[in-house]
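A.B. asks: The structure that follows is given in the form of structure tokens.
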Amino acid sequence: LTGVLDDCLCDIESIDDFNTFKIFPKIQKLQERDYFRYYKVNLKRPCPFWADDGHCSIKDCHVEPCPESKIPVGIKAGSSNKYSKAANNSKELEDCEQANKLGAVNSTLSNQSKEAFIDWARYDDSQDHFCELDDERSPDAQYVDLLLNPERYTGYKGPSAWRVWNSIYEENCFKPRSVYRPLNPLAPSRGGDDGESFYTWLEGLCLEKRVFYKLISGLHASINLHLCANYLLEETWGKPRWGPNVKEFTRRFDPIETKGEGPRRLKNLYFLYLIELRALSKVAPYFERSVVDLYTGNGHEDAESKALLLDIFRDTKSFHMHFDEKSMFAGDKKGAKSLKEEFRLHFKNISRIMDCVGCDKCRLWGKLQTQGLGTALKILFSEREIKSLPENSPSKGFQLTRQEIVALVNAFGRLSTSIRELQNFKVLLRQTR
């Protein structure tokens with residue numbers, strides 16, 4: 001996989017080098033920090049589109065939440081002292097499902113900004129959201145330690161999994177029913193088409209709709225890469241061994257086995273990486289303000305976490321081949337606004353489809369990565385608001401919740417890992433030839 005990506009002026013080799021030597025080591029360290037490892041999610045929301053066909057009963061589908069008793073009272077959603085530092089000194093921090101410390105976090109702002117939270121609560125920013133957000137106050141919403149529930153192959157597959165992706169592609173990617181995606185098992189036999197009619201249709205779309213399809217395809221490719229790289233290779237005496245599965249990788253991405261479709265999927269992964277990288281560089285001013293504090297109650301760790309995050313932002317800004325999002329929604333104002341709203345609603349629908357995933361672990365990571373991408377899109381379309389942020393008080397024009405920040409960083413971390421794993425598979429493939 002080499003060369004320049006479509007719809008931008010960036011080449012794959014530059015992204016590989018930049019990710020391997022600058023981004024990947026730092027984003028890995030950041031994801032391990034207390035602020036970013038705990039994510040609050042509701043895995044019990046019903047599927048809004050079809051009757052639930054039962055949850056995956058495979059043990060690897062299970063997600064182990066942090067018990068409520070282990071969560072310090074100061075960070076519980078809806079608690080009156082949600083932002084209190086004292087709560088983080090509680091003895092209940094002792095452990096969370098074998099983790100050394102909990103330190104789950106619920107505030108992005110230091111104590112000096114408490115008075116602004118009342119204003120924030122009144123501010124309805126639903127128009128900016130690209131995702132259907134979980135209600136953190138729901139009794140079904142629970143904190144999950146992402147490090148103890150890694151994304152990997154669980155055995156969840158077949159009609160249930162296919163229906164989720166099919167619904168995403170067929171109903172939410174601006175595609176007419178008469179155009180079939182390559183390798184779609186539900187498509188009628190097309191003779192020697194090999195998907196060319198699909199790509200003729202795709203090239204005929206406006207840039208925005210083409211970008212939308214590539215983002216979804218890139219997300220799909222990234223998730224598939226994680227499953228191939230963290231596959232259950234064997235289980236002896238109840239001890240599982242996880243690792244890269246070259247055969248599975250080949251089945252999903254090899255040019256011959258996928259009739260040329262695999263490399264296109266991987267190119268879309270790189271395209272998605274560029275979009276989220278661009279969002280990180282754009283949101284840097286939001287975090288560079290002294291008023292924003294990655295608050296966990298541990299002052300020393302909070303300062304280190306913020307320093308590491310700002311270091312990553314410096315790297316993202318140094319990248320010299322960013323995607324130019326100004327080329328999107330640049331037509332006449334009325335048409336551009338209408339298209340942007342259509343774009344947002346389609347993506348919001350996809351975030352709702354994630355509640356139809358039958359495997360809890362797949363649902364967790366699907367929701368997180370969708371929310372991360374939705375947050376990236378929200379950032380890219382809020383450049384003016386970010387530029388006009390006040391230095392010493394929270395903004396009413398643009399804000400990120402802790403959930404959005406955790407999702408943004410972890411979703412980009414997943415893409416960074418995907419591109420790193422792709423390098424590993426290249427080495428493994430050379431060794432098997």
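The backbone N, Cα and C atoms fix where each Cβ goes, glycine too.
Whatever TrEMBL says is automated annotation, not expert-curated.
So TrEMBL has the following annotated:
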DISULFID  Cys56-Cys61  disulfide bond
BINDING   Arg152, Thr154, Trp165, Ser217, His220, Arg252  FAD binding site
DISULFID  Cys359-Cys362  disulfide bond
ACT_SITE  Cys359  active site, nucleophile
ACT_SITE  Cys362  active site
A.B. asks: Return the count of C-beta atoms lying within 10 angstroms of the C-beta of Trp165 (FAD binding site), excluding that atom itself.
C.D. replies: 16
A.B. asks: Counting other Cβ atoms within 10 Å of each Cβ, which of the binding-site residues Thr154, Ser217 scores lowest?
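C.D. replies: Taking Thr154, Ser217 as the binding-site residues, the minimal 10 Å Cβ count falls on Thr154.
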A.B. asks: When you tally the Cβ atoms that lie within 10 Å of each candidate's Cβ, which of the disulfide-bonded residues (Cys61, Cys362) has the highest tally?
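C.D. replies: Of the disulfide-bonded residues Cys61, Cys362, the most buried by Cβ count within 10 Å is Cys362.
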A.B. asks: Restricting to the chain of Arg252 (FAD binding site) and a gap of 6 or more, list residues whose Cβ falls under 8 Å of its Cβ, or answer none.
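C.D. replies: Counting only residues 6 or more apart in sequence, the Cβ neighbours of Arg252 (FAD binding site) under 8 Å are Asn224, Cys228, Thr258, Gly262.
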A.B. asks: Taking Cα atoms as reference points, rank the binding-site residues Arg152, Thr154, Trp165, Ser217 by distance from Cys61 (disulfide bond) and give the first.
C.D. replies: Thr154
A.B. asks: For His220 (FAD binding site), write down the residues of its own chain that are at least 6 apart in sequence and whose Cβ falls under 8 Å from its Cβ; none is a fine answer.
C.D. replies: Trp165, Arg265
A.B. asks: Restricting to the chain of Arg152 (FAD binding site) and a gap of 6 or more, list residues whose Cβ falls under 8 Å of its Cβ, or answer none.
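C.D. replies: Spatial neighbours, sequence-distant, of Arg152 (FAD binding site): Asp60, His226, Leu227, Asn230, Tyr231, Leu232, Trp242, Lys361.
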